[in-house]
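K.L.:
Mind looking over this structure? Questions follow.
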Amino acid sequence: MAYAYLFKYIIIGDTGVGKSCLLLQFTDKRFQPVHDLTIGVEFGARMITIDGKQIKLQIWDTAGQESFRSITRSYYRGAAGALLVYDITRRDTFNHLTTWLEDARQHSNSNMVIMLIGNKSDLESRREVKKEEGEAFAREHGLIFMETSAKTASNVEEAFINTAKEIYEKIQEGVFDINNEANGIKIGPQHAATNASHGSNQGGQQAGGGCC
């Protein structure tokens, strides 16, 4: 399907916080309770609609283990959005957020949109990190924040889509250079075809949109 833009995402955070489960819930609308540890990087994609335009999200799910950190760093470059995930039932995953955030900001473009996600909100009885703590961390570091449950799908759609909306707004404001794919944004055939139809009223033969 033709799209106006392609946005590249990266999902980061400690091992076991539910990164792969969030991706699977968003792309396939299913929950897999037992999931093998991600080795290196996994990939998923889905089309969404923002402001009447088709947007393709290309999502890279990274390994949380320290031994794979150098691989993860290479994927920060060329990402327009990042989902930084912790587990609300494990205080240590929240404590490690600063390290993940510093890593992301050091190796990514300065305009990358970061969504902080407190996952496993369905396990309220085992909560170790208050929602207010997540909100405060997000405020302090200029992040968007949501709590989600990959198991029940609560706020999963919203987390991915709200990140895309923020990226789209930055495009409209001219913050992102959309002609530089290093920013994690690619102009699609739908966008090119729309511009071509606006730019020519001479009745001449127009070339069709290319494929990507």
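Numbers here mean position along the shown chain, with the first residue as 1.
Placement of Cβ uses the backbone N, Cα and C atoms for every residue, glycine included.
Swiss-Prot lists these features:
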type: BINDING; residues: Gly16, Val17, Gly18, Lys19, Ser20, Cys21, Thr38, Gly64, Asn119, Lys120, Asp122, Ala150, Lys151; note: GTP binding site
type: BINDING; residues: Ser20, Thr38, Asp61; note: Mg(2+) binding site
type: MOTIF; residues: 37-42; note: motif 'Switch 1'
type: MOTIF; residues: 63-72; note: motif 'Switch 2'
type: REGION; residues: 190-212; note: region 'Disordered'
K.L.:
Including all protein chains shown, what's the count of other C-beta atoms within 10 A of the C-beta of Lys151 (GTP binding site)?
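P.N.:
Its Cβ has 18 other Cβ atoms within 10 Å.
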K.L.:
So which of the binding-site residues is most packed in, judged by how many other Cβ atoms lie within 10 Å of its Cβ, out of Ser20, Asn119?
P.N.:
Asn119
K.L.:
Rank the binding-site residues Asp61, Asp122 by how many other Cβ atoms lie within 10 Å of each Cβ and give me the one with the fewest.
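P.N.:
It is Asp122 that, of the binding-site residues Asp61, Asp122, has the fewest other Cβ atoms within 10 Å.
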K.L.:
Which Cβ among the binding-site residues (Gly16, Gly18) has the fewest C-beta neighbours inside 10 Å?
P.N.:
Gly16
K.L.:
Through the lens of DSSP with three states only, how would you label Ser20 (GTP binding site)?
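P.N.:
In the DSSP reduction, Ser20 (GTP binding site) maps to helix.
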K.L.:
Provide, as an integer number of angstrom, the distance between the C-alpha atoms of Gly16 (GTP binding site) and Asp61 (Mg(2+) binding site).
P.N.:
12
K.L.:
So, three-state DSSP: helix, strand or coil for Asn119 (GTP binding site)?
P.N.:
strand
K.L.:
Please give the average pLDDT for the motif 'Switch 1' (37-42) in this predicted model.
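P.N.:
Mean pLDDT, the motif 'Switch 1' (37-42): 54.
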